[in-house]
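Structure, as structure tokens:
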Protein chains: 2
Amino acid sequence: MKEVVSIVKIGGNVIEDDHALDQFLNSFSKLKGPKVLIHGGGKLATKLSTRLGIPSNMVDGRRITDKETVDVITMVYAGLANKKIVAQLQSKGTNALGMSGADGNSIQAHKRPVKEIDYGFVGDIDEINSKMIANLLGTGITPVFCAISHDGKGQLLNTNADTIAAEISIAMASYYEVILYYCFEKKGVLMHIEDENSVIEHINRTTYKELLDKGIIADGMLPKLHNCFHALEHNVAKVCLGDVGMLQKNAELFTTITL
Amino acid sequence: MKEVVSIVKIGGNVIEDDHALDQFLNSFSKLKGPKVLIHGGGKLATKLSTRLGIPSNMVDGRRITDKETVDVITMVYAGLANKKIVAQLQSKGTNALGMSGADGNSIQAHKRPVKEIDYGFVGDIDEINSKMIANLLGTGITPVFCAISHDGKGQLLNTNADTIAAEISIAMASYYEVILYYCFEKKGVLMHIEDENSVIEHINRTTYKELLDKGIIADGMLPKLHNCFHALEHNVAKVCLGDVGMLQKNAELFTTITL
């Protein structure tokens, strides 16, 4: 039986809030066995853009990434957010190593082709350097990825953190039994969006279709759950969605997804 | 006989200028064998500080690093400068991995005690994680360090890049024969500051004392040469100072320092 690796993605709202981040990093540090962290930082990037007088253009929740914006996200994601997390994890006894997708050639991508919308320097993932990540995990290092990939030709690319988490999980499935955690501000996937406690505790392929048909999974949850099933269909063992408490199993409620 | 490792520090002026950086990274990429790059980014940090309305306070060429400034240097050194260099090295066939001193706990330091001047979040190095760096080099990775260390308690610290280069060189001397290169805009240590071609080609302990006595080594060269001899006295084989051409031995002139 393969060893379990925990791949955890945290949302931007957690990074924003010093107290929530500290609480999250405490829980993450206590996770036993090899683990990987993936983070975004969109709201911090918007803040810095505003201070620098660079407009933030969002289409369907995705950032249009022009030349100035790719510099801003590189400063915020790979610099400020990533190094803050790494330094704090070190203080909690986790030997973290922060990376963008350019580092160790860990995430190769290509610039998204322009169709109706020109997203600019946004990358769609081609390949995860799974051997390099497995090597790091093997030496007791905890990789901490920010939401940036590269094209192998010198260009950094803004890349969705949920997708990076799913693709790294899939790549690690050759070496490990992978549990993928999407950690965010809600307690899980909700049956009634206005009722925070209406968490759907288990979802599988059959109930997923029913939830889609009934329109219960909508908006931001659609791409997230798409990522979950994409991961499960590519040998990831289990996906969990919920708030910080989920990691130490002291949350009463969270959502578990299997095929 | 030990394998040779090249430890190269590039100055801020090279990072500033896209053409000079590209030329430097081409030469660096062609260096055979294991290698490490260390960079600063002070001028880029000053630029960003100015745009954000944060005053840059310098004392004897050292940056006073308050809470806002440590965020700025984290964004610029660990984010913008480091990831730009890493992505470009990847495009040139060098498997670079960018790091601050917090990453992999590679550079532990303590906040400089306040005496006459409070430098703020500036770190003096306590320990280099030489085993981790040697492990990375052993797997064909080229570590790229920015000028940031950490205190192990969650705080990032601004740390002089020349000193980081010297300390990493000393740490690597247990594993490798180390050649340390300080690459900057001048052709080497100059006999006459106004004559760019008056490069002193060889310096040793005896001639160093003579140059100091005559006042030929002064200002910014004083701490740089102090770092060189500190490294040589701790088992670093050779230190070279010069411009980009030095790395591929196609510079006619550069300075070599041995004990």
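Our numbering is plain: 1 for the first residue shown, then up by one each step along the chain.
Glycine is no exception: its Cβ is also placed from the backbone N, Cα and C atoms.
Keep in mind that TrEMBL annotations are predicted by a computer and have not been checked by a curator.
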Starting from the substrate binding annotation in TrEMBL that includes A:GLY41, A:GLY42, A:ARG63, which of A:ASN129, A:ASN135, A:ASN158 is the extra site residue?
A:ASN158
By a 10 Å Cβ neighbour count, the lowest-scoring of the binding-site residues A:GLY41, A:GLY42 is A:GLY42
At a 10 A cut-off on CB-CB distances, which of the recorded positions A:LYS9, A:ARG63, A:LYS224 has the highest count?
A:LYS9
The predicted model's mean pLDDT over the domain 'Aspartate/glutamate/uridylate kinase' (A:7-241) is 94
Chain-mates of A:GLY41, A:GLY42, A:ARG63, A:ASN158 with C-beta within 8 Å of site centroid, substrate:
A:GLY12, A:GLY40, A:ALA45, A:THR65, A:ILE73, A:VAL76, A:TYR77, A:ALA147
Round to a whole number and give the Cα-to-Cα distance in Å for the pair A:ASN158 (substrate binding site) and A:LYS9 (site 'Transition state stabilizer').
16
Round to a whole number and give the Cα-to-Cα distance in Å for the pair A:GLY42 (substrate binding site) and A:LYS9 (site 'Transition state stabilizer').
14
Expressed to the nearest Å, what is the distance separating A:GLY41 (substrate binding site) and A:LYS9 (site 'Transition state stabilizer') at their Cα atoms?
12
